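According to TrEMBL, the domain 'ABC transmembrane type-1' annotation covers B:23-211. What TrEMBL records for B:27-47, B:59-80, B:92-113, B:125-146, B:190-210 is transmembrane segment.
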Amino acid sequence: MNSLDPFLIILQGLLRGAGITAVVTFSALALGLALGFALSLFRQFSPSKLLHGLIDVYVEFFRNIPALSHLFILYFGLASLGFRLSSMGAAILGLGLIGAAVTCDIFRSGFKSLSPGQTEAALATGFTPLQTIFTILTPQAMRIALPSLGNFAVQLLKDTSVVSAIAAPEIMFYARSMVTSSFQTTLIYATAAGLYLVMSLPLMQAVRMLEIRYGRVK
Amino acid sequence: MINFFQPYAEYGGEWLPVLLDAMLKTTLLSISAFALAVVFGLLLWFCQASSAPSLRHFASLYVTVVRGVPLLAVLFLLYFGLPGIGVTFDAFTAAMLGLALCFAAQVAEVFRAGMMAIPKGQREAALAVGFTPGQCFAFIILPQVVRVVLSPMIVTFVSLLKDSSLASLITVDELVLTGRAMATEYFLPLQIYIAVGLCYFLVAWPFSLLSRRLAVR
């Protein structure tokens, strides 16, 4: 027995949740990016005012209400209608839907920052509107959006800690359950915080490289 | 659909005062945490801009740690963890402190970006016409920085307001915890959690609109 033992036992316990944290982060990220990109395309390029209004309502609702509140509606609320989601399902769906609202705004500001001349020139040289959107505008908007998307991913990784409140077995969930059995509260939560930090550092480094590469940092 | 809305008609009168009370608590927590975050953020910003390397290193370490650690972990450490080493806060204070510590980094970043928007020539011109550095900061730079940072500061406040919901997990009886108690009492989780969500929306949305209006100018 040496003095590092309690720490290692705690770390081992918390690592059981790290996999779920990663799964929830990546799944919610994928859902958020796909849905958010689709929403931004419709919001930016569809002529329908009704669709614009609906997307705006979606974005406002998901951006002005806390994640915890959405998760409770999905997990406890829907269950009362007989619509039972697993805690993982509710976690991924909830964070993904919120993520879609956030990334929709990020993609849109990417599209909005492109000069209208791009579209006009592409159409004038014979690109169809869809070709213009996907081969001319999207790659440029992506470049502008990348650093913000990276920041969103870092935020999302941290936000997965909230899903412990609906009993998804990720890092924070194990931390809380270990506290009730071992009473080494300070060490357990400090280790959990450190584990999140270690997981987000590579992501943060990637964001910094994107920012330097795409010229946000002067 | 009739079934879904019926509880609101039946219990609305009982729920409303309870929810309003909890909304007040959430708002109070958010405003006091935000005020503290601005103070911490300004201190952090001074550290970042300082000429002493040790202060700059401290600031950059602080920002890295805060950006990489979830608020929930900070709240649990402050509320459940610190008593283990003899420091005890009540839940509200712990929540306020945790939110302020985490959002200080964001506030500092907002001020840094705002400061960069002010051309260097402003300061040079002010010093050249005889302002002292202190006067220059207070009368020339600061008023302009405040105008630039107003909109992103409101965005930060809305994030903080939403994140204040995590205080429910360290037993602060704000909106979400009140909602949970009501949900177990009435067995109507869907209706109650939607009402709770709407309460947040009612507070947060006007601020979001305001920040957008200010950003356009």
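Positions of Cβ are set from backbone N, Cα and C atoms, glycine also.
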For the transmembrane segment (B:125-146), sequence-distant contacts whose Cβ falls under 8 Å of one of its Cβ atoms, 6 or more beyond its ends: 111, 114-115, 117-118
Winner by Cβ pairs under 8 Å against the transmembrane segment (B:27-47), considering only B:59-80, B:92-113, B:190-210: B:92-113
Beyond the flanks of the transmembrane segment (B:190-210) by 6 or more, those residues with Cβ under 8 Å of it: 4, 7-8, 15, 19, 22-23, 26-27, 154-155, 157-158, 161-162, 165, 175-176, 178-179, 182-183
